[in-house]
Every structure is written in structure tokens, then in C-alpha cells.
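Scroll down for the structure; my scribbles are underneath it.
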């Protein structure tokens with residue numbers, strides 16, 4: 001009997017496919033998310049748009065919130081640790097969360113090194129905006145990926161950019177010759193063996209979700225259409241007018257992302273989605289996606 | 001044999017790959033009208049609460065119950081096992097209520113306690129690599145249910161006529177024998193054995 005194997009960690013993410021993982025800030029929201037059909041919840045102290053508004057240093061949530069959420073739902077519970085913050089991750093592991101997000105949404109604790117995720121029993125999900133970042137995170141032990149997008153903006157453009165870029169880079173790698181692969185591994189800053197795997201299979205060895213800016217059912221369906229395995233929704237749900245309706249609609253649009261009539265139906269009378277931010281209005285220091293390369 | 005994989009949420013692609021590797025034809029099933037020409041249906045691993053809700057929403061509960069009543073085989077893995085069960089421990093409402101079993105969800109604990117191991121399965125010659133992820137257990141079985149394997153004396157694989165279910169994920173390994181076993185069930189059902 002073996003726990004924490006690569007297959008057990010990556011397999012857990014496979015079971016989330018086609019699903020929606022929702023940010024929640026308390027037990028009540030967690031119950032709403034579960035009732036709406038979320039496949040997992042991310043327990044947080046503040047959603048990304050509030051983190052943006054508050055400024056200052058964003059850290060791991062108070063363990064009370066994480067435990068409170070774990071108590072009330074039967075679906076998996078994830079929680080965020082700062083990039084490079086080994087101890088926050090160990091604390092979350094000790095609480096028994098099901099997945100740790102080493103996340104650029106929080107203020108990085110280390111500007112160079114990520115956590116060595118291979119030595120944990122709990123699997124990790126990490127953000128990536130290109131193939132180099134994606135494979136470096138896998139090399140460090142991430143068992144699931146998500147696009148970085150631009151969290152807390154309610155603007156899908158960055159998530160689209162990142163998913164398109166990663167998928168385009170995968171297609172390019174598939175067509176490289178062996179000698180070109182050595183060079184490409186060096187250019188991307190990744191291990192040759194990992195790149196060879198992408199070359200041979202035409203895909204990443206782990207599940208890749210969309211995240212960072214999903215605000216509407218159509219946004220979720222767009223990311224599925226572009227090849228995401230599932231969707232994280234952060235501020236989009238509990239910053240909208242009617243979270244319950246919104247959550248259910250996003251779940252349905254993700255499952256039936258090619259059924260446009262259904263998406264039209266679930267999008268009716270949802271009220272106002274979160275306001276959203278134009279990306280060019282963000283100052284360079286406000287761009288979360290540039291953290292943890 | 002044409003086998004459908006219920007594609008509302010979960011590890012659909014892995015089951016499709018395994019069915020094809022075992023010599024069957026696999027299709028992803030998103031609507032009830034896709035059920036009519038299938039020889040068998042797999043309910044995959046995923047989140048059982050999500051899959052249960054979406055099955056209800058899109059009319060799959062009755063449609064799959066009718067599918068089973070025609071004698072066509074069903075195979076549930078992990079969340080799929082929960083979907084098939086008549087009873088869920090703890091009072092949660094059961095979904096398809098087809099198999100005379102009681103299941104306990106997350107019976108081994110949280111993700112930290114997820115594991116893989118080798119398992120003897122009745123009807124399959126050598127041991128099967130079984131991946132248990134936040135897995136359920138079968139805590140009670142009716143008289144018509146045959147136990148095919150146990151882990152630490154707990155039931156993890158069972159069959160009741162045309163219904164097959166396991167706690168773990170055969171679709172996550174390159175061992176396709178359980179899928180081949182299910183294809184054989186579909187063949188036998190098709191010729192009316």
C-alpha cells in the first residue's frame with residue numbers, strides 16, 4: 001500500500017475534470033458551492049478581487065476558515081499557500097486539505113524558488129502562463145496546473161492568452177526534431193525528458209484547468225472550448241449579484257460547453273456579474289501573473 | 001461492442017482509452033438520447049455529488065434505470081459506484097438505486113489517505129493495480145450481489161447480474177482487464193446469456 005504516489009496525486013486532479021472549483025470564504029459559501037455542483041472548493045480568507053482592493057501582504061488563510069469549510073462539505077477542499085512558503089504548505093497539509101494551490105494570488109514568500117512539492121503527500125496545483133512555467137512546476141512536483149490568467153479582474157483575456165500560448169507551444173514541440181528538442185528544452189528552461197514526453201504525447205502529463213478572470217457561464221465554456229480540462233472560479237461567483245444562480249449556471253455551462261442554447265438559457269437573468277478591470281489599467285506591480293516564473 | 005461513458009463530469013477520456021484498448025468502441029454520453037444504441041454504460045470517477053446533481057437535472061436517473069432494466073450492463077468506478085448504490089451511509093439521498101448495496105463515501109479519509117495497491121479480483125487471473133482516491137467502500141451487500149474483491153476485509157469490487165462496481169480507478173492504469181471483463185458482460189448481454 002503506497003500513499004502520495006504520482007498516480008494518486010495526478011489521479012485526484014483527473015477526477016476533477018469537466019468540473020468547476022469555486023473560491024469560498026466561509027462555511028456558508030462552501031455549502032452554496034457544493035449544492036450548486038462544484039467539484040471542489042478553495043478555502044480563502046479573501047477572494048482575489050478583495051485581495052487586490054485591500055493591498056498589503058496576502059497570506060495563507062486562517063486555519064479556522066479552512067477547518068470550518070472542511071467540516072461542512074463532502075467534496076475536496078483546497079487551500080492556497082504563498083509561492084515558496086514551505087511552512088504554510090506544511091501547515092495546510094497537517095490540517096488535511098485535499099489539494100494545495102501554490103498561488104501567485106498571494107504575495108510570494110520567495111522570489112526565486114518554488115516549494116519542492118515532491119516531498120509532500122498532498123498534491124499541489126500551480127499556475128502557468130506558458131509551457132516553460134508549466135513544465136517547471138511539474139518538475140517541482142505539481143500534480144495539476146491552471147492558467148494564471150489575471151486573478152480578481154473578472155477579465156478573461158489573460159486566461160485565454162495563457163491557454164492558447166501553452167497549447168500552441170505544445171503543438172510546436174510536437175513537430176520539433178530530436179536535435180531541436182535539446183535546444184528547446186534549454187530555451188524553455190525545462191528538463192529534456194519532460195519535453196520529450198510532450199513531444200511524444202502532444203499533451204501535458206497533468207490536468208490543466210482555466211483560472212484567473214472567469215466571470216460568466218460563457219467565459220467558463222470558452223475556456224473549455226479552448227481545451228481547458230475544467231475551470232476555477234474565484235471572485236466571479238461570490239462577487240456577483242446572485243451567487244447561487246451564478247454558481248449553478250457556471251457548472252452547467254462547463255459540462256455542456258458546446259450546447260449554446262443551454263448556455264443561453266442558464267445565462268438569463270443572472271443579474272450583474274462582477275464589475276471587472278481592463279488589464280491595461282493595471283500597474284505592472286499589480287499584475288499577479290508575473291509572480292513565480 | 002459500443003460502450004458509452006457518462007460524460008457529465010470526471011475521468012471520461014481515461015475510460016474511453018481503456019475501453020478502446022480492450023477492444024471496444026467508446027462514446028462520450030452527454031444526453032439521454034445517446035443511450036439507445038449502446039451495449040453498455042460506464043459511470044466514471046469524479047465527484048459523486050456533482051455527477052448526481054447533473055444526472056437528475058438532465059433526466060439520466062430514469063433513462064439509466066430503464067437502460068439497466070433492458071438487461072444492458074453498467075460499470076461504476078468510485079463516484080460511479082456511489083451513483084449505482086441503493087443506499088448511501090449517513091442518510092444522503094441515493095442516486096440510481098440500482099445495486100443492492102450500501103456505500104460509505106470517502107471511507108478511507110481525505111486525499112492524504114488516498115493510495116494504490118495490488119488487489120486480487122475474482123474472475124481476473126493475476127492481481128490488479130488498484131488506485132483508491134478519496135474512495136468509497138461497500139459496507140453492505142444484498143443476497144444477489146457477488147463480492148469480487150476485498151481490501152482489508154472491506155468490499156471494494158462487486159457484481160450484481162448486469163451491474164459491476166468498484167471503489168478504485170482501473171481507468172488510471174494501463175491494465176485493461178476490468179474493462180475487458182465489462183466488455184464480456186456486454187457481449188453476453190447482447191446475445192442474451
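Cβ coordinates come from backbone N, Cα and C, glycine included.
A quick note: this is a predicted structure, and the numbers were derived from the prediction, not measured.
What TrEMBL records for this protein:
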type	residues	note
ACT_SITE	B:78	active site, nucleophile
ACT_SITE	B:169	active site, charge relay system
ACT_SITE	B:171	active site, charge relay system
BINDING	B:46, B:47, B:48, B:105, B:133, B:134	L-glutamine binding site
At a 10 Å cut-off from the C-beta of residue B:169 (active site, charge relay system), count the other C-beta atoms across all protein chains.
28
Shortest C-alpha distance to residue B:48 (L-glutamine binding site) - which of the active-site residues B:78, B:169, B:171:
B:78
Close active-site residues near residue B:133 (L-glutamine binding site), where close means Cα within 10 Å, chosen from B:78, B:169, B:171:
B:78, B:169
How many neighbouring Cβ atoms, not counting its own, are there within 10 Å of the Cβ of residue B:105 (L-glutamine binding site)?
19
For residue B:105 (L-glutamine binding site), which of these active-site residues sit within 10 Å, Cα to Cα: B:78, B:169, B:171?
B:78
Cβ packing number for residue B:171 (active site, charge relay system), 10 Å threshold:
28
Counting across all protein chains present, how many other Cβ atoms fall within 10 Å of the Cβ of residue B:48 (L-glutamine binding site)?
29
At a 10 Å cut-off from the C-beta of residue B:46 (L-glutamine binding site), count the other C-beta atoms across all protein chains.
28
Taking only the residues the record lists as binding L-glutamine, namely B:46, B:47, B:48, B:105, B:133, B:134, what is the largest Cα to Cα distance between any two of them, in Å to the nearest whole number?
13
